[in-house]
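Before any comments, here is the structure.
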Amino acid sequence: MSLLELNSTTFTATGEVNGPAFAAAFAIEGLIGLIANITVLAITLYQRKSWKQSSTVFFTSFLLANIITVMYMLVSSISIGAGEWIIGSTFEEKRATCTFTAYVIWLDSMALTMTIAAISFDRFLFIVKPHRHKYLMKSWIALIVTISLWVLSAVVNIAPFYSHDEYKAGIYDSQIGICLKNFIILVTSLWTFCFTCRFMQTQSEMPGNNSVYVSKKWRLFGIFGTMLLAYIIAVIPAYIFGVISIFYTLPPAVNVTAALAYGSIVISNPIIQSYFRPDIKIVLTAIIKKIKLKVTRRYQNTTQTDANMELE
C-alpha cells in the first residue's frame, strides 16, 4: 500500500526508518510541488487561447497527475509523522481507505507514464509530420486520448483487487507494469526522441534551410526531451533498487530514497513547463515584474520617508 514496509495494524512505515525526518522531507517536497503545479495549472486555465493546442491538453493531464501524487505525498507524510493512518476511524475503514489510496497512486503513476508517451507522439508529429499533426491532433482529439488514457489506467489497475482479497500493487506493478508502462515509455518515447532529434539534425544541415525555423523547432522539442529526462531521473532509482532487491535484501532507507526521488517529478515538471511554454512564461514574467515594481516603490517610499524625518 506504500513505498515503505507497512505495519499491518497502523498502516504506517516500519523498520529502520526515521519517521519524522522522512515525513518532513516528504511534506516539504509535496508542498513545493503543490504550489508549483497549482500555479502552472491556474495560468493554463487562465490562458484560454492555449487550449486550442493539443500539447496543452497533455501538459494539463500531467499537472493533474502531479497534483494527485502531491496529495498522496502529503497524506502519507502526515500519517508517518502521526504514527497511524489518518483516514478512517476503525480498522476496516483504515484498510479500505489505505487500499483505495494504493489504487489511486498506481492509477496515477500509469496515467502519468502514458501521458509522457502521448506527449512524445504529439511532438513527433508536430515536428516531423506537421501537416498530419494539424489534421490528427486537434484539441478535442487530444482530450479524447487523454480521457482514454485515464480510463485505461483505472480499468487496468482494478485487477489486483481480486488477488487474495488485497491490493497487491507491488506484485502487480513488477509483472504487468513492465509490459505496459516501461514498454510504452521506452519504445514510444525514447524512439520518438532519438528519431526526431536525428531528423532535426539532418534538417539543420541541409543547405538553404531557415536556421530560425530550425532553432524554433529545437525549442519546441526541448520541453519533451527535458520532461523525459526528468521522468527517467525520478523513476530510475526505484527500478534499480527493485532489480537489486530480487537478489539482496535492501535496508528501508533505500525505499525512502526511491520515494523521494520519485517525488521530485512533481517539482521538476511544472518548472520545465514554466520555462518552455510561452503562455506560462509570459504570465510568470509579468507577475514577477509587478512584484519587483511594488517592492521598488515601497523601498523608495520608505527611503523618502526616512530622509524627510532626518531633515525634520
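Any Cβ shown, glycine's included, is placed from N, Cα and C.
Feature list (source: TrEMBL):
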| type | residues | note |
| --- | --- | --- |
| DOMAIN | 36-248 | domain 'G-protein coupled receptors family 1 profile' |
| TRANSMEM | 20-45 | transmembrane segment |
| TRANSMEM | 57-80 | transmembrane segment |
| TRANSMEM | 100-119 | transmembrane segment |
| TRANSMEM | 140-162 | transmembrane segment |
| TRANSMEM | 182-200 | transmembrane segment |
| TRANSMEM | 220-247 | transmembrane segment |
| TRANSMEM | 253-272 | transmembrane segment |
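Just going by CB pairs under 8 A, the stretch in 57-80, 140-162, 253-272 that sits most against the transmembrane segment (220-247) is 253-272. For the domain 'G-protein coupled receptors family 1 profile' (36-248), the model gives a mean pLDDT of 77.
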